[in-house]
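Step one of this worksheet: look at the structure below.
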Ligand SMILES: O=c1ccn([C@H]2C[C@H](O)[C@@H](COP(=O)(O)O)O2)c(=O)[nH]1
Ligand SMILES: [Zn+2]
């Protein structure tokens, strides 16, 4: 028997972990997940956008609009930052970060300062905003490569049926 042919690539695997992490997000509008991988293709961190530990996500706002303090924006910890902070205690120099959404300028700063050398993203839906333009400027200047994930996969289904393994 020859080996299975339609296995997923490393990029699809790690972006898949980022997307699965995003499923934990309570943000009703945009769920972002991120996954950090070292040079040996080992996962060393993962995270999603959510409130800081100890901040009850039923008590804080999830609105996008209104008075700043009544929106989610001052409170949500971004997926990329969470993945960096949640890392298993490693030096992240030379690591790659897979993220569902192109990192904002604040996440770009954290990525650069952590020593991460490559960003692989899925969506750049805020690509024309000042935040994204500042992010790209900093990443380029700091020599952090960024690229959109390459895949032909549109959907990937997981079955939790024990009879389907
Ligand atoms: O770099 C980023 C940028 C944004 N996020 C999170 C922060 C928010 O929870 C959502 C964006 O919400 P919108 O309703 O689309 O404005 O995405 C992130 O995790 N990382
Ligand atoms: Zn961010």
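Placement of Cβ uses the backbone N, Cα and C atoms for every residue, glycine included.
Annotated domain 'CMP/dCMP-type deaminase' per TrEMBL: 9-146, in sequence order.
The Cβ neighbour count for residue 107 (Zn(2+) binding site), using a 10 Å radius and every protein chain shown, is 25. The Zn(2+) binding site annotation in TrEMBL covers 78, 104, 107.
Residue environment of residue 80 (active site, proton donor) contains 35 other Cβ atoms, counted within 10 Å of its Cβ in all protein chains. Under the DSSP three-state reduction, residue 80 (active site, proton donor) is assigned to helix. Look at TrEMBL and you will find 80 tagged as active site, proton donor.
Long-range Cβ proximity for residue 104 (Zn(2+) binding site), meaning a same-chain Cβ under 8 A and a gap of 6 or more residues, is found for 78, 126, 131, 132, 135. Residue 78 (Zn(2+) binding site): 21 other CB atoms within 10 A of its CB, across all protein chains. The two recorded residues, residue 107 (Zn(2+) binding site) and residue 80 (active site, proton donor), have Cα atoms 6 Å apart.
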